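Have a look at the structure below, then the notes.
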Amino acid sequence: MPQNVVLPGPAPWGFRLSGGIDFNQPLVITRITPGSKAEAANLCPGDVILAIDGFGTESMTHADAQDRIKAASYQLCLKIDRAETRLCPAVSEDGKAHPFKINLEAEPQDVNYFEHKHNIRPKPFIIPGRTSGCSTPSGIDCGSGRSTPSSVSTVSTICPGDLKVAAKMAPNIPLEMELPGVKIVHAQFNTPMQLYSDDNIMETLQGQVSTALGETPSMSEPTASVPPQSDVYRMLHDNRDEPAAPRQSGSFRVLQELVNDGSDDRPAGTRSVRPVTKVHGGAGGAQRMPLCDKCGSGIVGAVVKARDKYRHPECFVCADCNLNLKQKGYFFVEGELYCEMHARARTRPPEGYDTVTLYPKA
């Protein structure tokens, strides 16, 4: 229902807007500041603004509506529409006012919520067909086996051994026994899905009654288990295979035979084996491993080549002083490798000639 609301100036007005033609939604008040002028004018969240100071909001964007509200200085006239009647009382809580909604509609309640069959008072039970040994409780008709209305049921004497028979004949009917100074109510239907053994429940009930009467409880003998030497037991155990020996691989068996067939006079112990680099003769056309010109072993990795001869980097030394000739000049004299000083000493020119060292061009 459209309503006209006037808020006295100046700003702030105390409410928040949302929507606009740019959002394809009407201008709606989303929040009211407690204690503000909007709350005093009884504005509520959810009110749709139809006009601001006489200007319709059908074609207003959100920014235009904010500008129109900011332009109002002395008072702000709003035309609002409320879909339903809202009660917005100013309730003060700890000095702050908070508008709230009140739903006056009563919620339906199930009248049968508190009526459940398990909440009824247990009724006493008597063994049908038994006429002696136990007296008949008040409120029980022995001839028909049906219970009659009675406020209090009492039992003068009770036979604990007959409880199992009574409970098994009517497992869903509660048993109520009033003994001197104690009252025992047994409702077997409270055990969900028969999770507990019926025999255990009966033994417990019989023990309680016997203890209350001052008698020694007589427990039934446990059911004998299946003998372990039955036909099925023997059939299952006779078909089992004997434990087989662990399986060994073919290589292990060959080594085991060699060890068993070997002579016993060989000395026992360990020996140190030093790995030796072997030169494998490759097939024709395959690249062979280079041999060191000094030590004669194969070269794996870095190699130094001088005049078609290969050496290890640590073997590339002078034959006299063992000076490493890497990054230095080297000389071959009679097939041996020397440094410059020892090469001059071993090479003496004829008389009248001087020794001149010639270095290859880079």
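A Cβ is built for glycine as well, from the same backbone N, Cα and C atoms used for every other residue.
Of Ser18, Ser36, Ser197, Ser297, the one with phosphoserine in Swiss-Prot is Ser18, while the others lack that note in the record, though it may still apply to them. From Ser132, Ser251, Ser263, the position flagged in Swiss-Prot as phosphoserine is Ser263. Its Cβ taken as reference, Ser18 (phosphoserine) is surrounded by 13 other Cβ atoms within 10 Å in the chains shown. Using DSSP to sort the residues of the domain 'LIM zinc-binding' (290-349) gives these counts of helix, strand and coil: 10 helix, 16 strand, 34 coil.
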